[in-house]
């Protein structure tokens, strides 16, 4: 007997089952068919107009960044990266990380992004040198292209034929302020290229599941997986497009409700198999067949043989194998060694307490969500104590509780809501928000940052979709209440409404004005100013690196008094910040304060020496006795004597250069 799975299919006629439509149908006994997103307060936009609006918004919002310079991480990824030079072999990109360091080196962060570095090299060749204008223009154009492409992605995620919802989501995505670091910073090229290939891979997969021919479908699936591999070569997040394609295939293409999957698995796996042969009521024996019929409500129900779902299994098998092969190759390229980070990069991951790690991680998740909801606390660096560790007595635990209450509410809504366009759109928005963020959660491996706003570039697409869903639901509820009140009043007068659209025009127009006002606010907030470091000091006052950058900018502008104050604050927060010591010593030397400058330089040399020794010790046996330095005191600073390491000829020139040359 063939096993059957009850799967529900929706008729794509765009009918809505909200309260307003049911009330209108019951009153006038006629079918009122409208698109799913017709409740949104705007008319159906032409496709070309949508593309122009989103493209212009994306370019105008970040056009002022093209006059910027190389800032923050750009100095390491672009300015000091030898892989960008035309005289360097092109195949070095396949052996070095994103920062130009050999992947097998102990200090490599293992960020393998050759496609992004290749785009940097192309910019270097086109502009005939390190001219930041060309790099910034490329970033803005890539953001514009990704924003336009998101129109197609949103239309697919909303189930098709939803131009209003797609336009609003793409418009909000194009101007969201959390993209400032990804677009205005040259190093954000990795996120932009990854998002471009991410969306292309997803759209190709959507085309594959809509084709019936096995050959053409297989070709498109292979092409989609190839684009997913390229997205991973731009940034590590690219591999997560496989998860998004899987959710789309199940929720949108196959119209399978999540509750039906859990019910199907329970009835086929959780029922004890010890009673494989059970006696039936009429005395005959069955073979232990388990009833796998699952009920999932939808506009129309239909039963499909389990064998007809074979293409779904084959596509998932292809995605699973692609993910495994790509991850294994990536692990091999990294030298089969995970990256090593310092405690200042991700303090929570170095905590010995499991409770502290879990609470801090969840608080970081809450901060990421808050940056999407209210992008006011934007900062270029969240490391070095910017987010202190949490314990049970910390009042910030309330933010963690609030986060999970909100997540539980959304999951409950997804599990209990009957299958409909709204339910499927809610499921896809949740998937697009969570799945690209998984590599940054510290759940699978340690990451080298606390919060990185660039990482939110792709998850923000799901958040924008969720906002539009909420806007539509508010419009539906507002319309239903208004029409119900209007019908009741006019029935008392003996009148019936003949044109309900006119009665809703005022309310819907006001909702549209609010939405446009929010977009304008986001448009203004997306601008990047030259005081980013100073503003970051207010967001992260405990971050020594922020004060270091503020001091460096002040010194470059000639305000050495303010630079000394900020360098001193950076050293107070991080007493072993050797770069801050070196730069502060250079300022004091120019001010003829030679004694203080010499003291700082000697301390910087000792700390740098200690860091090099600790890195060298990692390559030796763990049983070897580590090299110890005497404690640093003002009395023994001038005449420090210690036994040198085994290779002084290599280290001494580096120390001499460290003392004589300034650190930028």
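Cβ from N, Cα, C; glycine included.
According to TrEMBL, the protein carries these features:
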type	residues	note
TRANSMEM	48-65	transmembrane segment
TRANSMEM	133-154	transmembrane segment
TRANSMEM	190-211	transmembrane segment
TRANSMEM	313-333	transmembrane segment
DOMAIN	337-407	domain 'DUF1736'
TRANSMEM	354-373	transmembrane segment
TRANSMEM	397-414	transmembrane segment
TRANSMEM	426-445	transmembrane segment
TRANSMEM	457-477	transmembrane segment
REPEAT	544-577	repeat 'TPR'
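Tertiary neighbourhood of the transmembrane segment (457-477): same-chain residues 16, 18-20, 37, 39-41, 150, 153-154, 157-158, 165, 168-170, 172-173, 176, 178-179, 182, 188, 191-192, 194-195, 198, 237, 368, 372-373, 422, 425-426, 428-434, 436-437, 508, 511, 515, selected by CB-CB distance under 8 Å and a gap of 6+ residues from either end. Looking at the domain 'DUF1736' (337-407) alone, the prediction's average pLDDT is 86. Note on the transmembrane segment (426-445): residues 157-158, 198, 236-237, 239-240, 243-244, 247-248, 251-252, 258, 338, 346, 348-349, 361, 365, 368, 410-411, 413-414, 417, 452, 455-456, 458-459, 461-463, 465-466, 469 of its chain, located 6 or more positions outside it, place their CB under 8 angstroms from a CB of the stretch.
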